[in-house]
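Step one of this worksheet: look at the structure below.
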């Protein structure tokens, strides 16, 4: 029987043919955690008396949520994890100077057809290269770290086709918000979303990573882009090898199908306090903005900063603006291309590789009564700081234009 991408990956990982609804044990290709969740993962392992890993090469650890540590407790957590890394001789450890876990997985480790589990909900980001990637709780990740296995209920597969080419200032965030606006945040529960791109070059890896990252906001079990030449080129460019490609079979059965015409999209925002409270930018244009955040594992990549730099070049922001590329490699490339200089000259505060403001942790927490425009993934009440703050989610073009004007602004005003 023809299989979807989801069914193919889980069949390979379980060693038997699977169908939606099956509960199977699968081998994991990567198990990962970061500083904020790593403490709990290690605690579970210690309590079980099983402080060991199934394969040192398949464990990935990164410091990002508490990087650099904003308080003594954060520093203590990182010290404990460094000790764990040293004792177990884990090679794929990335300290506070490397980047956000999900970006690191995308840049260095994830491959088409992989099963990836990590102790963070935005693990779905690795679906951009066609990996079945899920965020799990600390106990399940601890079990995967020890045994190299986890259990999965095989989800139904939902097919989305992207047609055409996106217009100016449109990127992956607008596609993610389009899906959330049309289907709402609970529609895809128990499903895996598989996205096909009719013209692969029209929707590059940066855009795909944003959409996959927000798969968890759609309550999808996974969100994967079907691998194509863009996938191959990305991995070959970043890692120097050509990956094996896994694609669904012709005639595979999907629970439903949906098409998005990229050429018809306009800039979208998610208004407070829900990711599916989606509006066109024109519906909220003119609202005063106190702070703008451009970055995170959702929109902290080169194309995001290219867009922001084009809008901000030679100008000064009117709102506070924080810009955080998702990794050191991205920060360095953005410097080489002049984007960091442009943002700094425009009055932005720039660092790299920290989750900081996204989770209301540090480096730009929202105060009472403040309105934030953010390229991150969530706008729940209190997500970025005060419960009395409001967060509007948007792509980098809306964010940069809003920082420039000090109010929510349609970027199409800038040619």
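Cβ coordinates come from backbone N, Cα and C, glycine included.
Residue 297 ([4Fe-4S] cluster binding site) falls within a helix when secondary structure is assigned with DSSP. What Swiss-Prot lists as [4Fe-4S] cluster binding site is 297, 355, 358.
The [4Fe-4S] cluster site, placed at the center of the C-beta atoms of 297, 355, 358, has further neighbours from the same chain whose C-beta lies within 8 angstroms: 64, 65, 100, 122, 295, 296, 298, 300, 326, 354, 356, 359, 376, 377. Residues near residue 297 ([4Fe-4S] cluster binding site) in space but far in sequence (CB under 8 A, at least 6 apart, same chain), listed by position: 100, 101, 102, 103, 122, 125, 213, 326, 355, 358, 377.
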